[in-house]
Amino acid sequence: MRIQSLLLLGVLLAVGSQLPAAFGRKKGEKSGRCPPDDGPCLLSVPDQCMEDSQCPFTRKCCYRACFRQCVPRISVKLGSCPEDQLQCLSPMNHLCHKDADCSGKKRCCPSACGRDCRDPARG
């Protein structure tokens, strides 16, 4: 009985260590995505983290203003943003900053003139 318990524990530990990779994440990487980095570059600021495991709670280690720091993660909707073939003549303000700013299944996507809410690409 004791050998079976140890064997079962070993199998569970082995499978559990592979779960992040099975879900497309590296070991220690937290769920969610980094918010867009729209800030100006602050070159003299040192990185505050190198990976998600160095950040408290649900925060993620993300590039913000050209250095890494722990920031609140954002959730991402299914689907990918469509490609934008246009060129912008006069940049406009962002109409969204994250997927949660968009209604329904729409995603906050980068475009030639800024971010806006769009239906995800098909295929």
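Any Cβ shown, glycine's included, is placed from N, Cα and C.
Feature annotations, courtesy of Swiss-Prot:
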- 1-24: signal peptide (SIGNAL)
- 27-73: domain 'WAP 1' (DOMAIN)
- CYS34-CYS62: disulfide bond (DISULFID)
- CYS41-CYS66: disulfide bond (DISULFID)
- CYS49-CYS61: disulfide bond (DISULFID)
- CYS55-CYS70: disulfide bond (DISULFID)
- 74-121: domain 'WAP 2' (DOMAIN)
- CYS81-CYS109: disulfide bond (DISULFID)
- CYS88-CYS113: disulfide bond (DISULFID)
- CYS96-CYS108: disulfide bond (DISULFID)
- CYS102-CYS117: disulfide bond (DISULFID)
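Counting in whole angstrom, CYS96 (disulfide bond) lies 7 from CYS117 (disulfide bond) by their C-alpha atoms. If you take the CA of CYS70 (disulfide bond) and look 10 A around it, the disulfide-bonded residues you hit from CYS41, CYS49, CYS113 are CYS49. Inclusion criterion for the disulfide-bonded residues CYS41, CYS62, CYS88, CYS108, CYS109: a C-alpha placed within 10 angstroms of the C-alpha of CYS117 (disulfide bond); this criterion is met by CYS108, CYS109. Rounded to the nearest whole angstrom, the C-alpha distance between CYS66 (disulfide bond) and CYS102 (disulfide bond) is 26. Taking every protein chain shown into account, CYS34, CYS41, CYS62, CYS113, CYS117 are the disulfide-bonded residues, and of these the Cβ with the most other Cβ atoms within 10 Å belongs to CYS62. Taking the Cβ of CYS102 (disulfide bond) as centre and 10 Å as the limit, one finds 19 other Cβ atoms among all the protein chains shown.
Listed disulfide-bonded residues near CYS108 (disulfide bond): CYS81, CYS102 (candidates CYS34, CYS81, CYS102; Cα-Cα distance within 10 Å). According to DSSP, CYS117 (disulfide bond) is assigned to a strand segment. For CYS55 (disulfide bond), the number of other Cβ atoms no farther than 10 Å from its own Cβ, over all displayed protein chains, is 20.
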